[in-house]
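Student: Before anything else, here's the structure in question.
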Amino acid sequence: MNNEALAEDPPTPLWELVLEQFKDQLVLILLGSAAVSFVLALFEEGDDWTAFVDPVVILTILILNAVVGVTQESSAEKAIAALQEYSANEATVVRDGKTQRIKAEDLVPGDIIHIGVGDRVPADCRLLAIQSNSFRVDQAVLTGESESVSKDTRSIKDEQAVKQDQTNILFSGTSVVNGHATAIVVLTGASTAIGGIHESITSQISEPTPLKQKLNDFGDMLAKVITVICVLVWLINVEHFNDPAHGGWAKGAIYYLKIAVSLGVAAIPEGLAVVITTCLALGTRKMAAKNAVVRSLPSVETLGSCSVICSDKTGTLTTNQMSVEKLVYLNASGDDLEEIDVEGTTFAPEGKLSRNGKVLQNLAVTSSTVRQMAEVMALCNSATLAHDPKSGTFSCIGEPTEGALRVLVEKIGTDDMATNEKLFRLPASQRLHVSSAHYESRLPLLATYEFSRDRKSMSVLVTKDKAQRLLVKGAPESILERCSYVLLGPDGPRVPLTRVYSDLLAREVVEYGNRGLRVIALASVDDIADNPLLHNAQTTEEYAQLERNMTLIGLVGMLDPPRTEVADSVKKCRAAGIRVIVITGDNRNTAESICRQIGVFGEDEDLTGKSFTGREFDALSESEKLEAVKKASLFSRTEPSHKSKLVDLLQSLGHVVAMTGDGVNDAPALKKADIGVAMGTGTDVAKLAADMVLTDDNFATITVAVEEGRSIYSNTQQFIRYLISSNIGEVVSIFLTAALGMPEALIPVQLLWVNLVTDGLPATALSFNPPDHDVMRRAPRKRDEPLVGGWLLFRYLAIGTYVGAATVFGYIWWFVYNPEGPQISFWQLSHFHKCSAQFPEIGCEMFSNEMSRSASTVSLSILVVIEMLNAMNALSSSESLLAFPLWNNMMLVYAIILSMTLHFAILYIPFLQTLFSILPLNWTEWKAVLAISAPVVAIDELLKYAERRLYTLPAIAGEQQNGVAFKPKKA
């Protein structure tokens, strides 16, 4: 029976993905309009194929939009498949008294397995016996711990122990880095810890992004408004159904139904879906150039609206490369400590050593104490450094702590001046092991006494000039307890280790621990040759007997350092009103220290109620948890379930949550968050569950992405304002002509041309608007803030009403005021359907012949020119054209030129004149078009002035977050 394999769901069929693209209100409205237009075209008299232009164009747009949507679709299926990579392929199992290799998926609870260094754990297992002095597992992929974890067979009595504290359990998907052991399988398949992550990913229902939700709400509102207006227009004309001009009640009803459909086509921003997709796609290109690869288009905007970033610590805020920061030994007088600062935070074997700002060179030559420390670090070490010539980066093969010590040895150099001169001329890539090799050749290795959990140390036996020395490294509290002597000063005279010396060193260890540094003590035993246990030691107790009466040489303090640019990034997030919450599996002291260094906490800030461990958080009631997440900025010793819970709580408070991470353990929370941000060097599971991947693993890139996201949202509002005000203008135009009883000024094919081509090009160009100057000093938008707020709606209506009125007035002008026109009265124009009965002398054919087409051309040209001017207005929501001129966005300049060129094409190319039922304009008509269109700029400048005065509040009155005042921008 296949117990271990994780269940796989079948892939989503293509037809389902395509169908999903049509579950959008705007798309459904367009689909309905296309259907009605097609039916009306079938009943059109004559063989005029232009009747089918409307439905064909609409359907073409819908198909193109669906293709783009399916192409961009990213599902959890790939993430689930990637989880299989973290499942071991085979396992060594004891069955029927025989040891055999079987497929890991065939394991069942109760199987006894053997596992050793380099193996991937095939199932969740309970340790039975350890066949080596120590047994360590790298479980960062599951828990996020920056160091490998020592395991043992002792029982854990705490039933609520988190995974990090379950030291007798091996978790499926983690890797053994040291030792050999026997274990019994307890959980397989979906029941394992990694199986739980699989279950979390598959069970989650993807929530719509804030932008998608707002567009859906906007679509719902638009659907209702369009339906009401269309029905209203049809009903107010019921009395005209029997007018002689229509030739019967039924034909009159169909005629006004066509007008109602025209109204529907006019009201729907056909180009909106394509323009939004294009805008987001352009945003992804910009962000990719800045090392942020977006896997889901709507997430571009979503990141711009996030109010909380939940960040994993290890590998995200930190380098995930242990590095030594401090080198310490007692000074010559023994009343203080000599502290040497070490430069560099990666595994690159280069960096200066300094004391009080003064650079120190050839330390191993000038200081016997430092030389002895280098000897211990070089010999008590099984890690190796590696260099990738392609990326130019350095890495560690083995324990990260030992890798950090190896790097320090190379930074210190050898105890030979001539060797050092040659050594430091070499590039870092060629001196990965040069200094270490020097000490290894001087001190041949005789024996290794492996690390054990009980004595918290390891040692090596070396020889020099026929003398034998024991070099030891380990936890300071354990080493200090077993030391009898200590070296004083740089030249290292050995003196007894008194209580005063011991207390001085112990205080430094505590101080370093509070700062998040991991401290390693270095010691030696010089007169070891006479110890009878030297060649017979077999147990850790005997190893401990060897490691007695030691001489303490010094201490080293190391940490997984924060990335240098993270502090500035956190500062920018605060200025943007974004909370940064750190969620890590690491211990509290280390996490709090890192948080203080990067600015999440102040240097001396009281962390009461702001820092919780996973266990402390679990002990809270639901209401207390909700209160905790309002203030807390750090959660340490957490498990994957904590991350998902925190995302739920934050979202329930109305926050838009971004979650960063790089491990398998992060995947469920990455998927649940409004936007998941994975690291480029992270696991495939994390990357495939995320919406965005940071190729440079740089938390600071998120700040760039936030700014781009905010800019995209602002631009989205601008081109929606631009498109909708145009649509409102068209609706007002059709409604006014119908209400006034005038002939239709614009026909559906003209409206489609304006909506798709003439408007579409500038709308797309608005995506290139540069961000407003204060875009990163505004408070984040609230989750429930509508895309179209009250003020924005008023602006839509104000501009739209003018657009519609100007379009209708252009039609009226041609018939009533144009010196080259018929100059009939307005009453005659508004009663054209009674022309044959009441005033046939004017020539009723003018309402359907070339005169009508000329008037319609004036209306269409006014609409187009106003929209070009309106596009200029949309450069900024509140900044005047005088302060934010047109050439700030040259793409818009080109778009306006192209749109006008296309308009001239339909005006002056005969075939297109026929298609759009228009005629060329003369100079008199063009002057009228420009005069009627120009006031829209002045109107919008007044509205911008009002927004600056009334809706942009002074910063002191703005929202405050993390002690920073913000200037809110209102829609």
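Using N, Cα and C of the backbone, Cβ positions are placed for all residues, glycine too.
As annotated by Swiss-Prot, active site, 4-aspartylphosphate intermediate applies to D312. Per Swiss-Prot, Mg(2+) binding site is recorded for D312, T314, D662, and the stated evidence type is similarity to another entry. Per Swiss-Prot, ATP binding site is recorded for T314, E402, R453, K473, R518, R637, K643, N665. Sequence annotations record features per position, and here Swiss-Prot assigns Ca(2+) 2 binding site to N727, E730, T758, D759, E867. According to Swiss-Prot, the topological domain 'Cytoplasmic' annotation covers 1-25, 71-217, 284-718, 771-795, 876-891, 939-971, on the basis of a curator's inference. Annotation comment: Swiss-Prot describes 239-262, 742-750, 817-854, 913-917 as topological domain 'Lumenal'.
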Student: Per DSSP, what is the residue tally for the topological domain 'Lumenal' (817-854) in helix, strand and coil?
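Tutor: Each residue of the topological domain 'Lumenal' (817-854) counted once, the result is 24 helix, 0 strand, 14 coil.
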Student: Write out how many residues of the topological domain 'Lumenal' (913-917) are helix, how many strand and how many coil, based on DSSP.
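Tutor: Across the topological domain 'Lumenal' (913-917), the residues distribute as 4 helix, 0 strand, 1 coil.
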Student: Using DSSP, how many residues in the topological domain 'Cytoplasmic' (771-795) fall into helix, strand and coil?
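Tutor: Counts, helix then strand then coil: 9 helix, 0 strand, 16 coil.
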Student: Take the C-alpha atoms of E867 (Ca(2+) 2 binding site) and D662 (Mg(2+) binding site) and report the distance between them in angstrom, rounded.
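Tutor: Cα to Cα, E867 (Ca(2+) 2 binding site) and D662 (Mg(2+) binding site) are separated by 47 Å.
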Student: When you tally the Cβ atoms that lie within 10 Å of each candidate's Cβ, which of the binding-site residues (R453, K473, R518, R637, K643) has the highest tally?
Tutor: K643
Student: According to DSSP, which of helix, strand or coil covers E867 (Ca(2+) 2 binding site)?
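Tutor: The three-state answer is helix.
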Student: Write out how many residues of the topological domain 'Cytoplasmic' (876-891) are helix, how many strand and how many coil, based on DSSP.
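Tutor: Output for the topological domain 'Cytoplasmic' (876-891) reads 5 helix, 0 strand, 11 coil.
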Student: Given the binding-site residues E402, R453, D662, N727, E730, which lie close to D312 (active site, 4-aspartylphosphate intermediate), meaning Cα to Cα within 10 A?
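Tutor: Among E402, R453, D662, N727, E730, the ones whose Cα sits within 10 Å of that of D312 (active site, 4-aspartylphosphate intermediate) are D662.
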Student: Which Cβ among the binding-site residues (E402, D662, E867) has the fewest C-beta neighbours inside 10 Å?
Tutor: E402
Student: Can you grab the distance from D759 (Ca(2+) 2 binding site) over to D662 (Mg(2+) binding site)? Cα atoms, rounded to a whole Å.
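Tutor: That separation, Cα to Cα, works out to 43 Å.
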Student: Which one of the binding-site residues (T314, N727) has its C-beta surrounded by the most other C-beta atoms within 10 angstroms?
Tutor: N727
Student: Which is it, of D312, E730: the one of these recorded positions whose Cβ has the most other Cβ atoms within 10 Å?
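Tutor: By the 10 Å Cβ neighbour count, D312 comes out on top.
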Student: Between K473 (ATP binding site) and T314 (Mg(2+) binding site), what is the CA-CA distance rounded to a whole number of Å?
Tutor: 25
Student: Could you check which of the binding-site residues (T314, D662, N727) sits closest to R453 (ATP binding site), going Cα to Cα?
Tutor: T314
